[in-house]
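The signal peptide feature in TrEMBL is assigned to 1-21. Feature annotation from TrEMBL assigns domain 'CBM6' to 31-177. Annotation comment: TrEMBL describes 194-492 as domain 'GH26'. Per TrEMBL, the feature active site, proton donor maps to Glu350. Per TrEMBL, domain 'Rhodanese' is recorded for 352-367. The feature active site, nucleophile is assigned by TrEMBL to Glu440.
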Amino acid sequence: MAGTLKRLLFGAAALGVVAIAAPCVPRDESRTFEAENAVLTGTNVDTAQAGYTGVDPFFQCSLTHPSIQLHLRSDTDSRISGTGYVTGFDQSTDKITFTVSSATTKLYDLSIRYAAIYGDKKTTVILNNGAASEVSFTAGTSFTTVPAGQLLLNAGNNTIDIVSNWGWYLIDSITLTPSSPRPEHQITDLPINPAADSPARQLYFYLRSSIYGRFILSGQQDLSWANWVTQTIGKTPALLSVDLMDYSPSRVERGTVGTSIEDAIAHHQRGGIVSVLWHWNAPTGLYDTAENPWWSGFYTRATDFDVAAALSSTSNANYTLLVRDIDAIAVQLKRLQDAGVPVLFRPLHEAEGGWFWWGAKGPEPAKKLWGLLYDRLTNYHKINNLLWVWNSIAPEWYPGDETVDILSADVYAQGNGPMSTQYNQLIELGKDKKMIAAAEVGAAPLPDLLQAYEAHWLWFAVWGDTFINNPDWNSLETLRKVYNSDYVLTLDEIQGWMDLD
Ligand SMILES: *[C@@H]1O[C@H](CO)[C@@H](O)[C@H](O)[C@H]1NC(C)=O
Ligand SMILES: *[C@@H]1O[C@H](CO)[C@@H](O)[C@H](O)[C@H]1NC(C)=O
């Protein structure tokens, strides 16, 4: 088919058709690679499912405007040469390997043309035998195209593997288009709380005007692990994240004594920035068994506390317990407010995961509880040193722009990658009006990749034991690279941020 089309086009040109202004928008720089022309491992070419010859819109348009054939380059001829698709992904090692070249080190948007005729599926995309990412295919009866994230190609040849994962799908082709530079962020001027105190405003101003899009703040969960970083790497994280867990009333009544407020104040006093999360032990209904002891009571599996039922009426005894717990936490946050410590406050984290009781009954109760927290702490307790950090990505979980200052995600993926998929999802969620943070990570992101992908995370905070000190997640060499980068700010480099104006 390709040959005939090309002959027709060249024929028209030979007949001297006068060139007209190009009415088709050429995607000059995008390149499509047919799966059947790639290297197949455990997979095979088939033609039974119709539609694999789907043509590029520019090519389709050019058929009626023969002069445009001049734009067709040899490496894009594959647009018209589809002779089948690849199938047979039934073993975990089955794959297609594309070799693609790039003139320079450059970021590309990847899309995949597929048919998931056997139901919803997933594939794994691997670049140059290294970074892997997962792409979901939606069930359907015909071929369709899905955006599949970004790839930073090296100058020269690169390999892109499409590997089985769930398998049982059909791949027609992949397309690479150079990524457009990220447009300028449109971050809201002020914190959402009109009564935000001066330290909170100062923190917001500093983050917005000096950090976001320019640098990333290094961060660490727990003071003991921040100290470990200082001792091991020779640099101290700019941001310390602490947990209000042990101030939860259902733990305190079993003997816990929280110390994280002291840690937060100490970090503030040495010129650092403080973030606070809360593993909120369920107010009641803890199973307290050998498998699910009381101290794991923030997990859905460890309690029968029903957040939807508790929030269903304000006269409910369990609603009263939620308020009791919020009031107990208010006492601690007040200590930080009194000490002049502005706080990046991240309650109800990972709600969309469902593994914590506040997310166990779906988005509606989680959003309602967020509203209750915001109202009780801000309007009743007058706690005004907080910037409110939301921590789920899915739009149906989002409580809304009015009660959220900063968006964030917790990302546990090895490889020290830029987490650009999650970053781009959060840009969508907040319409680029909210700053975006990597509130918990397993692996500290490499600054070169952050900059190449323009993944402008405001901070990263590595989780403590088994992550920061685990070479599978963070080698010492990588940590040194991260902590010594000009793009990554450490405690010594942010001194005086509260005095800026
Ligand atoms: C890139 O790969 C192509 C074949 O896929 C090969 O012809 C070419 O020599 C390679 N270029 C380099 C720089 O390795
Ligand atoms: C409160 O929650 C506990 C634990 O789930 C449950 O046993 C109790 O019935 C609830 N109380 C009310 C009044 O719903």
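Residue positions begin at 1 at the first shown residue.
Backbone N, Cα and C define each Cβ position, glycine as well.
Separation of the C-alpha atoms of the residue listed as 'active site, nucleophile' and Glu350 (active site, proton donor): 10 Å, rounded to the nearest whole number.
Applying an 8 A CB threshold to same-chain residues 6+ apart, the list for Glu350 (active site, proton donor) reads Phe356, Gly359, Asn391, Ser392, Asp410.
According to DSSP, the domain 'Rhodanese' (352-367) comprises 10 helix, 1 strand, 5 coil. Within 10 Å of the Cβ of the residue listed as 'active site, nucleophile' there are 24 other Cβ atoms, across all protein chains. Summarised by DSSP class, the composition of the domain 'CBM6' (31-177) is 22 helix, 70 strand, 55 coil. Confidence over the domain 'GH26' (194-492), given as mean pLDDT on the 0 to 100 scale, stands at 97.
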